[in-house]
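Note sheet for the following structure.
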Amino acid sequence: MLQAGWLRGDAVLALLLATRVVAAFEPITVGIAIGAASAITGYLTYNDIYCRFAECCREERPLNASALKLDLEEKLFGQHLATEVILKALTGFKNNKNPKKPLTLSLHGWAGTGKNFVSQIVAENLHPKGLKSNFVHLFVSTLHFPHEQKIKLFTDQLQKWIRGNVSACANSVFIFDEMDKLHPGIIDAIKPFLDYYEQVDGVSYRKAIFIFLSNAGGDLITKTALDFWRAGRKREDIHLKDLEPVLSVGVFNNKHSGLWHSGLIDKNLIDYFIPFLPLEYRHVKMCVRAEMRARGSAVDEDIVSSVADEMTLFPKDEKIYSDKGCKTVQSRLDFH
């Protein structure tokens, strides 16, 4: 019996290796090899083996909330609100077996405060390949929708793209960067997929996730943070209730926000407005240390201080916040 077990294991290994070799060439051959492996083992399904060598959409894959929490706490600096809200929002949504609508998050704040970085962290925790996953779709308004005269074409293409990809993977993730530069027509094209419909043209979007990134509202967020600082209160004392109502109204009434008088806000289709606070000098130093570790370098506090000192701080008198957040840390570190 032991020898038979070895033989079966050897056969499976050989077939798996064969599968891996032919995977790049011809799907039918892959299917035959996988089917043979399944027949020999008696317990490995087609999907079990196929998904070891190709990315699969596993709707039943649970969110590892502890891993997400650790990523946010260790990699995102100075953003206690974003960390708290994103963790709760994603955990609650993924634990809900029958959500009534897709999860829609709108991230707001100045450049360099961590919005793109957070979307990357979220993507990696939902799909192992992160932004490289076939089930994560990143759109940059100035890159993908650059010409206003082609809006009709863009909206048709976008709707088909979303429909096709959600049909293939119900828990697809769609990230829209530079929402404040997005034409209102594009936003209108997204709206049907975010609503409380059970299905749209035979497709359910209720398990998908939409993430919007925008600089709009950065001034309102900074004003609140500055008011707390001037009152001698810690930034950690700022709660979502101090910012979310002001942020949603401010973005709704801002002609340059991308969400000006948008039905997404009017119909409460955005689940959370998540503010990203301006980063202080100490947070910039944290970013420099993290980048040095990521490069495999020993942390040199002299270099850390030197890079942080190169940042321009505002307001002019108090000099509290970095005007570019941590956005230029990587390029500046190259000179040291």
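Keep in mind that glycine also has a Cβ here, set from the backbone N, Cα and C atoms.
All annotation found in TrEMBL is predicted automatically rather than curated by experts.
Features reported for this protein in TrEMBL:
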SIGNAL    1-24  signal peptide
DOMAIN    101-244  domain 'AAA+ ATPase'
BINDING   GLY109, TRP110, ALA111, GLY112, THR113, GLY114, LYS115, ASN116  ATP binding site
Neighbourhood of GLY112 (ATP binding site), C-beta criterion under 8 angstroms, separation at least six: LEU279, SER322, LYS324, GLY325, CYS326, LYS327, THR328
Of THR113, ASN116 (the binding-site residues), the residue whose Cβ has the fewest other Cβ atoms within 10 Å: ASN116
Neighbour tally for LYS115 (ATP binding site), based on other Cβ positions within 10 Å of its Cβ: 25
Those binding-site residues listed as GLY109, TRP110, ALA111, and which of them has the most Cβ atoms within 10 Å of its own Cβ: GLY109
ATP site, defined by GLY109, TRP110, ALA111, GLY112, THR113, GLY114, LYS115, ASN116: further same-chain residues with Cβ within 8 Å of the Cβ centre: PHE117, ASN215, PHE276, GLY325, LYS327
GLY114 (ATP binding site): tally of other CB atoms within 10 A of its CB: 27
